[in-house]
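Note sheet for the following structure.
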Amino acid sequence: MKIRDILAREILDSRGNPTVEAEVILKCGARGVASVPSGASTGAFEAVELRDGESRYMGMGVRGAVKAVRQIIAPGLKGMDASRQREIDQWMIAEDATANKSHLGANAILAVSLAVAKAAANGMKLPLYRYLGGCGARELPIPMMNVINGGRHADSSMNIQEFMIMPVGFMSFHERLEAGTRVFHTLKRILMAEHYTTSVGDEGGFAPAFERDEQALDFLIRAIEEAGYQPGRHFRIALDVAATEMYDAALREGKDGMYYFWKSGIYKTPEEMIAYLKELCDRYPIYSIEDGLAEEDWMHWEQLNRTLGSRVQLVGDDLFVTNTERIRKGIRQNAANAVLIKVNQIGTLTETLDAIRMTKENGWRAIISHRSGETEDTTIADLAVAVNAGQIKTGAPSRTDRVAKYNRLLRIEEEIW
Ligand SMILES: O=C(O)[C@@H](CO)OP(=O)(O)O
Ligand SMILES: [Mg+2]
């Protein structure tokens, strides 16, 4: 299982921006290839990727990250055993020697970390989910399908970033996916009939010019019903408010501590935000709300959790950034009840697994997630099954970067069941 070589190259993500791909080659001939996604609504506490225009290493963004793999990581890891994932990740963390991986770049480190795992799995002739999760890996996730896009992900007039459908009333993954796709197609038909645009946003969901965020929810309910399903029973709704964006928008207008719905020109206090979210939960079959408040607003997260936590999954994305220190703080403060898990927020596979473990050990739920900028890499599908996460967030079934993950899950289901 010794590493013979590590290659790195620049490839494109789904927004046409450069990103890093790494290829790990073992002495036995097995290979592993992995590429790194990229967010648009990134949390301030995320590990730092080297992008063009904000380079910190050798002054060259993604090219700097590629160079870091070639010149520092590859020579350092050659000869190491690819199955010793934790040691390899620790070596890269130590070599980087910053708290946020800004020296080598979280994208350089993550590409190698994931490619090492894939090479080791291939070397052992195991599918990735089996290598990572052992024979206990068995649960196919319920997808959170982001079918209407707003916020920073689309030019639409909705402030809430993601309106997702969750096919909760089905036994198998392929039935969930089929039902979700039916609703997606029905939604397109309804939107067209009412002369809304059906072009899609970054994650494949529609981006119609609705005047109010609630209209998106009304259309979801209609689409679920017209596709022949019952809202609440077959499908529930999930939202990603991405409220840090609203918090930052208010701050830019000089209103510290408020939330600015910049597309409709409305300010809300944290208390009004909580009341608003509660009202939405009273009116619609909402299962999950992600980032209902901002990454800095710990105090009000507790209040939100007290108000809704017993009946709604409250997910921290920007709040926790897949970082065990922040998750620990959240658990102590009882600030939420679920964590969104994104490999590139923390930057190594083992730290991601640690975050999932801490989340689950404390009785919280972990949702494995893509980024708004993705590639054809399907690691997160395997990861979701490996850790029996139960939920995956990976967009709408209309762009190959998202569909690749769904197709991978279909194949895994066929293998397992
Ligand atoms: O906010 C989010 O949850 C993600 C993914 O949907 O978006 P981004 O990758 O732009 O941070
Ligand atoms: Mg989010």
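Glycine is no exception: its Cβ is also placed from the backbone N, Cα and C atoms.
Automatic prediction, not curation, is the source of TrEMBL annotations.
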In TrEMBL, the Mg(2+) site includes ASP240, GLU290. Which of ASP218, ASP256, ASP317 does it also list there?
ASP317
One of LYS125, LYS188, LYS329, LYS342 listed by TrEMBL as binding (2R)-2-phosphoglycerate at the site of GLN161, ARG371, SER372, LYS393:
LYS342
Could you measure between ASP317 (Mg(2+) binding site) and GLU203 (active site, proton donor) for me? Cα positions, answer in whole angstrom.
16
Considering only the recorded positions GLU203, ASP240, GLU290, LYS342, which fall within 10 Å of ARG371 ((2R)-2-phosphoglycerate binding site) when distances are taken between Cα atoms?
GLU203, LYS342
The rounded CA-CA distance in Å from GLU203 (active site, proton donor) to GLU290 (Mg(2+) binding site) is 16
Give me the Cα-Cα distance between GLN161 ((2R)-2-phosphoglycerate binding site) and GLU290 (Mg(2+) binding site), rounded to a whole Å.
10
